[in-house]
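Heads up, the thing below is written out as structure tokens.
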């Protein structure tokens, strides 16, 4: 819990799949608050249940929203006092405390995970999906995964339809205040995540000589990142509450694609999934390497000067959940 508090103190609205097509390519993103000059990357190293990742994300989001709520209440109270007691002033000590509270701006956070096999359903199918359909997802085990746990089905409060998360896939959750960056609406965050993903797949070093992966990718009218042969390698979706963001991107690194090929994903009937390994044949690349590179690329696009990376172990996760 001490780690959680330190990260939060340092420095609802529905889930939408914002389109990135309206964000000008010439837009220069830069922090306008000192706190936004450092990206804190929490790199979760164990493979976790999907629900655990959601709960951890929500704790950090709630912490940022709580700070905004406290600042809003203080601001309203001060305005009310000024009207009620015209000409009154606050003593120097009290003013200093209030200034410190009002200046609190948590650093942008990037949480990176690798999850156990999970199918998630969005709001668009929440009322229509049947127990029989859910059973099909939970009973499906690819031939190569015989003996491993069956996937779970989890209903989540986001837009969209069915998505898959599992071993070999990087899931990166972005938690930041859009207002701590200059002219940075949600659509530009989506565009930034897409660009960071594309740059990651291009610039990722694959051996000790510094040789880069150089995987060529693109964006289309559908949100996400696609390879040149029109296969989907990354899915993107964000959630915004009072300018605080959550969720982010899922990048297929060495995922078992059978989980996605056997069902329609994201409501795209003609979409074929692919992965980094499927495209390049490089089997020596793992999710953690991609997570580190993505953090660097994302920070660069947002004009963030510094990335602080903290590896989170299973013991750390247990401590977070117990508080």
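Every residue gets a Cβ built from N, Cα and C, even glycine.
Annotation source TrEMBL lists active site, acyl-thioester intermediate at 266.
The substrate binding site annotation in TrEMBL covers 158, 159, 160, 161, 162, 163, 164, 165, 235, 236, 237, 248, 249, 250. Its own atom aside, the Cβ of residue 235 (substrate binding site) has 28 Cβ atoms within 10 angstroms in the protein chains shown.
Residue density at residue 232 (site 'Lowers pKa of active site Cys'): 20 other Cβ atoms are found within 10 A of its Cβ, drawing on all protein chains shown. What TrEMBL lists as site 'Lowers pKa of active site Cys' is 232.
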Q: For the binding-site residues 162, 249, work out the Cβ neighbour count at 10 Å and name the residue with the minimum.
A: 162
Q. C-alpha of residue 232 (site 'Lowers pKa of active site Cys') to C-alpha of residue 164 (substrate binding site): distance in Å?
A. 13
Q: Provide the number of Cβ atoms within 10 Å of the Cβ of residue 237 (substrate binding site), excluding the reference atom itself.
A: 23
